[in-house]
Structure formats: C-alpha cells, structure tokens
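According to TrEMBL, the feature transmembrane segment maps to 38-59, 90-110, 125-144, 156-174, 194-219, 231-252, 312-330, 382-403, 423-449.
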Amino acid sequence: ETGSCCVAQLACCCGSAGCSLCCDCCPRIRQSLSTRFMYALYFILVVVLCCIMMSTTVAHKMKEHIPFFEDMCKGIKAGDTCEKLVGYSAVYRVCFGMACFFFIFCLLTLKINNSKSCRAHIHNGFWFFKLLLLGAMCSGAFFIPDQDTFLNAWRYVGAVGGFLFIGIQLLLLVEFAHKWNKNWTAGTASNKLWYASLALVTLIMYSIATGGLVLMAVFYTQKDGCMENKILLGVNGGLCLLISLVAISPWVQNRQPHSGLLQSGVISCYVTYLTFSALSSKPAEVVLDEHGKNVTICVPDFGQDLYRDENLVTILGTSLLIGCILYSCLTSTTRSSSDALQGRYAAPELEPGLPLCFTDTEEQQPGKEGPRVIYDEKKGTVYIYSYFHFVFFLASLYVMMTVTNWFNYESANIESFFSGSWSIFWVKMASCWICVLLYLCTLVAPLCCPTREFSV
C-alpha cells in the first residue's frame, strides 16, 4: 500500500495534477488551493536559499564542518571558499532566476478562463519538471556574461519591482478599509446594532493608534535628544488626525456618504504599526555617558537585550518575513483584489475557505472513491493565473531587495538585517506616507473630478 501511494505521488509530480495530493494517503483538496500551495512552496525554498546565502554564520559553519570544502569550491569554480555562491551578488542571481520563472508563467497563463486548456494544465501540474526548470534558471543566472553590468542594471529593476509590490499591498489595504465600512454601513439599514458595532470597532482602532503613538513617545524618545524620533512621531500623528478630519468633512460626505471614521481608523492603525516597525529598524544611537561608557539612546531599555541570541532572532525574523510576504501574495491574488486594483469593485467572487480539506458531503460519502484533487475550476478560474504569477514576480524582487538590505547591499548579511538599517527604516517610513497619500486621494478625487463616478 505504501509503495502504491509513492507511485501515485510520482505520477502526480510528472502529470497535470497537484503534486502529492492525489493519492489515498492524502486529504482531499481543491485544485485551486493545491496549485497555489505548490507555487508558494517553491517560493519558500528559494527565499530560504537566499537567506542562507546571506548568512555569514552558515558560511563559517560549512567551512568548518564540511571536509574538503575548499577543494569542492575550487572544483565547481566558485572561488577558494565558495565566495561566488554567497553574498548579495549570489542572491541577485538566484532571485533573477525565480523572477524570470514567474514572469514566464505570467505570460504563459494570460487570458485563461478555465482549467481545461493546455496552458491551464501546465499551470496546475507537472511540478517535478517545473522544479527542475526553476533550479535551472536560478543556476543559469550564475553564467550570465558581464556580471558587473548585469548586477548594476538588475539592482534598479529590483528596486522598482519591490516598491511596486509595496504599492499593491497599500492599495489593497485602502480598498479593504473602504469596503469594510461600506458593508457595515449597509447593514445598519436592516439592524441598528450595526451602528454599535461600527462605533465600537472605530473606538478600538483609534485607541490602538493613539496608545501606540503615546507608547512610542515614551519609549523611543527622551527629554534631551531623540529629536528625529520626536519629529517623525509628531508628523505621523498629525497625518492620522488629518485623514480623520478629511474623512468626516462635509465636502467629502456629500460626494461619499459611506466615508467615515472606520476607514481612517484602519489607516491610522497601519500608520502606527509602520511607524513602530520603522523605529524598531532604525540603527541604535550610541553616546558616551558621564562615566565614559557607551550608552544606547532613543530605544527602549528592554530593547538593548533583544539581540543577544543572534541565531534565534535571525530564524524568527526570517520566518516572520516569509510569512508576511506569503500572506500578502496569496491574499492579493484573488479575483476581487485584482479587480479592485483596476478600479472595479464588483461583488466578491466565491473564494475557497481557509481549510485545505474538501468538505463536500457528496464527495466524501463512505465507500465512494474518487480523485483526491477536486477540480473546482472547470467552469471558471477561482483566481487570475497571470496576475497570480505577476504578484509572485514582484515578490521575488521585493525579497531580493529586502534580504540584501535594499541599497546597503555591499555590507548586508542576514544576521545584521534584524538589528537595524537606515535603508529599511526609510523604506518603511516612505510606505507609511504613501499609504496616507493613497487614502487621501480616494477621498479627494471625487471632489477634483465631480463629473466622474467613483465607486468603492
């Protein structure tokens, strides 16, 4: 029985079905979910590889514990200590291969409406061959001629793609805030309890935002000094107040009756989070006290001991980074999210739920055997294939820039990434301000273009 299961799994890897999801020892799963899961798994494998390449600890451990390490490096022409396989340049090459992989599939899957076409079968299956293709493309990037020119050009492409990935997430956050308020306001027509729910959630949002700014003012500023932190907290707090006043202003209310404090509360919470994340990513300031000792200022006292176990911090930080990127990718590739980015806010598509297992009673009747993969896209795709790959293409560029410390790539390594960086700090602060600007645009645009119809 075990042997037949393995044979079935091998057939799945080489055929047009979800990898290792069509044999009896695996639970039932929708095809749309299994496909996205497999692409996400490929993405995780490459991201982990990039983190290993940026780790000085891993490089030293390999040199110490692998016999004939230097001979092996010379044998594969990777340098005396495999220096060509580590560092920011190696990550650029690997991410170039992954980005090309997803971009090719983005072009291959254009205009696919159901899972019956030949191109749809390629998208939903042949996982073993696609894994080989991904590996070949990542490896082939190391043989690109004129590496210096390639790295310089690819660096700018990565920066543009990384910022575009951030922009997509910010746009979807603004769209989510508007839809949430609109749906709950519509519920007040049938049940007045929705008013209480709106008021309670809005109060919670503003309490979190206000409390967060106050706590940051307490822990990230001091009576003397820390002027930069004080200015940033003041500016971001003022922006939260500004968007709240604009959202409830009579001019905006006349054009957008659904605009209210719930949306601005959601944006204010996100601004507070980004402000905290930016201040946490800021390099520590060290000064001499009256005894001539180095003292870290403008950070919480308990924050000075957070990085004692660098390995633990690196593992947890990397896991959190991968989790956040995957969540952003998978939640922004639904059909409704794609429509929202194009300005179309139709009724949301029926998306499969979070549980991976298929729970349809007809398919799970006792004694009834069937495929372990439920083909749920024969009549129409649940998500847009090409857009799905395009988001992962941008995510590949975002990972490349983030892991290599954006524009401070030459001195970057994964251990110091989580201890503070000016480039990471300013990227997060810029994201914060762009988010506010996008939200203000959605409020002010109907006033500037009164003849055009805006629907959110």
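Note: Cβ is positioned from N, Cα and C throughout, glycine not excepted.
Just so you know, TrEMBL annotations never went through curation; they're auto-generated.
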Inset, instruction - Using a Cβ cut-off of under 8 Å, list the residues of the same chain at least 6 residues beyond the transmembrane segment (194-219) that approach it. - result: 181, 184-185, 187-188, 229-230, 233, 236-237, 240, 244, 260-262, 265-266, 268-269, 271-273, 275-276, 279, 299-300, 303
Legend entry - Leading stretch by Cβ pairs under 8 Å, where the reference is the transmembrane segment (156-174) and the options are 90-110, 382-403, 423-449: 382-403
Inset, instruction - Count, for each of 90-110, 231-252, 423-449, the Cβ pairs lying under 8 Å from the transmembrane segment (382-403), and report the range with the highest count. - result: 90-110
